[in-house]
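Lifted from TrEMBL, the feature list:
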ACT_SITE  Asp426  active site, proton acceptor
ACT_SITE  Tyr510  active site, schiff-base intermediate with substrate
COMPBIAS  23-33  compositional bias 'Low complexity'
DOMAIN    94-181  domain 'Copper amine oxidase N2-terminal'
DOMAIN    219-322  domain 'Copper amine oxidase N3-terminal'
DOMAIN    348-756  domain 'Copper amine oxidase catalytic'
MOD_RES   Tyr510  2',4',5'-topaquinone
REGION    1-34  region 'Disordered'
Amino acid sequence: MASTQEKATPCCIPKTNDDVSKKTSSSSSSSSTEVLQNWSLAVGSGPVPSEDPIPKTASMATLIRPVEPISDPSAAKIATTKGISIMPRAQTSHPLDPLSAAEISVAVATVRAAGATPEVRDSMRFIEVVLVEPDKHVVALADAYFFPPFQPSLLPRTKGGPLIPSKLPPRQARLVVYNKRSNETSIWTVELSEVHAATRGGHHRGKVISSKVVPNVQPPMDAMEYAECEAVVKDFPPFREAMKKRGIEDMDLVMVDPWCVGYHSNADAPSRRLAKPLIFCRTESDCPMENGYARPVEGIHVLVDMQNMVVIEFEDRKLVPLPPADPLRNYTAGETRGGVDRSDVKPLQIIQPEGPSFRVNGKFIEWQKWNFRIGFTPREGLVIYSVAYVDGNRGRRPVAHRLSFVEMVVPYGDPNDPHYRKNAFDAGEDGLGKNAHSLKKGCDCLGYIKYFDAHFTNFTGGVETIENCVCLHEEDHGILWKHQDWRTGLAEVRRSRRLTVSFVCTVANYEYGFFWHFYQDGKIEAEVKLTGILSLGALQPGETRKYGTTIAPGLYAPVHQHFFVARMDMAVDCKPGEAFNQVVEVNLKVEEPGKDNVHNNAFYAEEELLRSELQAMRDCNPLSARHWIVRNTRNVNRTGQLTGFKLVPGSNCLPLAGSEAKFLRRAAFLKHNLWVTPYAREEMYPGGEFPNQNPRVGEGLATWVKKNRSLEEADIVLWYVFGVTHVPRLEDWPVMPVERIGFMLMPHGFFNCSPAVDVPPSATDLELKDNDIATKPIQNGIIAKL
């Protein structure tokens, strides 16, 4: 993922891409000591030099394994034996930076060249090429001596520690490769060196570290496959005949949305790569974005072999008439509600005359005492790394190592065909990141914006770039805190602002916006915004269904749910290598009537330590205001309480399906809202790495927790499952207004007092006080009586 220049909206300012692969060698060589951009001067002046943050001497903990530098003749001449070696070549990529376009090209070329025969090489299809994230101690080493925040204190001090290497370990790429000829899926690890990926422009091969075939799986589908599947179905003569029966002969009006088949029986086994498309048909019109989802085609059964790209099953089971064209189906300007748009919306502009308050150095972000790194993967989309808060003389205090959305599931509640098969795993079957938008085509953010690009491999191994994929900006957020002394009339008020990092993706008919908000009072909010178009079904004349809502004549929207899984690798007050976190559950209890509750008004917070994985399978309970606190077992605040961050649920639900529902075989993790595990490198996805057509019951979280590992003092990973039950409304048509869902991570005893008390008054407040306005005591009636 490459960063781009800052951009102000609503003005359209051409951006300049500063992708690593496009930098000159001179600019690359200075990236490790690149000063932070001073964004308050970004519009009118260049960067402001900062002091050299690298110490003269330092020592490393024994937990940091010595890393052998990449052999370089020049390195031997200038490497020192004590302290920090003089680097022969600056580090150009942080260990957590997403793979550059050049690195992806190297990885693909290396794997393709390793194919045994030309046939094998030609049949390789590249599902995913991602960074192999290094061990946490390597990240600590990078953050201590090679990259911002340049903080050696991340590494515990020891006497006579090992030598600090002149270089970090070479980066590695992990590739998921599908062999179209053999229907096999393999996983490859390729070592990338700086000289390969940057200096030689990505034309040199890397080194294959490992490869293995993964049996009995199907990897995620790709957009190229979807496009080819649509063409194959539309060219299939029986299908064209079936559409002709419904009055459609122009295949350009037909939309074929391939859906993964899931797993309902042995017929869906991963020995074949299968899709069951849903069919829709546009209405002929002059609208540039004619809503084809307004005319679902039902009664046609199609099964496509995606490996060989042929229709293997076809049946015109039931002639359901196409719904009539709904006059309210379209949503583009001038096409809504009779073609009349509102005329009284005045411009709203966000102006930051001194620029934003955040600073960006590569993927490292600093804002209002927060600092973190951003990354991006084809599956998860946005990833937040190394989240920490700079707390005065206590320094940089870690909160989390890695935050991301790792899976989402959308099960439908209509038992009729084809809707009962709608249970999409949008991350594991498609990829949230690969379906992300370029925000050049429409961004709802205002003010100064920092954009970042994302690089992916396409199905055939080429590199594609989504420009302006990730958006970083500040938002005003109303009142932060306020109090007025009623005796004097004096008041203090502070406005809140938050830093928002986000991306938006489209999966078929729905749009999902994923947001991480950082607040000045130490809170972190995870939010998902749902919008897009309902997935509809067609009704026979006079027919109604209780499993959905009639939207228009002949159209109904089935009830369904949207579930999201946030994986949070926590590190509350933990340095790398420390495993000093635990989780307690808090429930509010009403005191029993008696001598301790003579007025029957007493209640209290009761805590329970979650000691093991099986005990930590928990559900939300709003009746007891249930929440969970991740605490550090070794750090205390000024009152002697353990420092912590609490997970506060928002609105939530559980699956409204029977225990034997077919989709729950693959999504057993939906059965509880919270799961807690000790960190394990290979445990990344709650339904396993390959949920597409997965025949194995309960793979992933439900299986991992059976080990019942201890959580009393561990490197804690939270898996929070949150969802919304969608009973469609007429107001959700033709395009659904945003529905929000999420949760909050809040400091709980982490600070000694409110961390927001030092936020200064806004400029407007200061001007009022300077003018002696609103600062004089108010002689109202109450004060006069006093």
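Even glycines carry a Cβ here, placed using N, Cα and C.
In sequence order, Met408, Val409, Val410, Leu432, Asn435, Val507, Tyr512 are the residues of the chain that are 6 or more apart from Asp426 (active site, proton acceptor) and have a CB within less than 8 Å of its CB. Taking a C-beta cut-off of under 8 angstroms and a sequence separation of 6 or more, Tyr510 (active site, schiff-base intermediate with substrate) has the following same-chain neighbours: Val410, Leu530, Thr531, Gly532, Ile533, Ser535. If you average pLDDT over the domain 'Copper amine oxidase N3-terminal' (219-322) in this model, you get 96.
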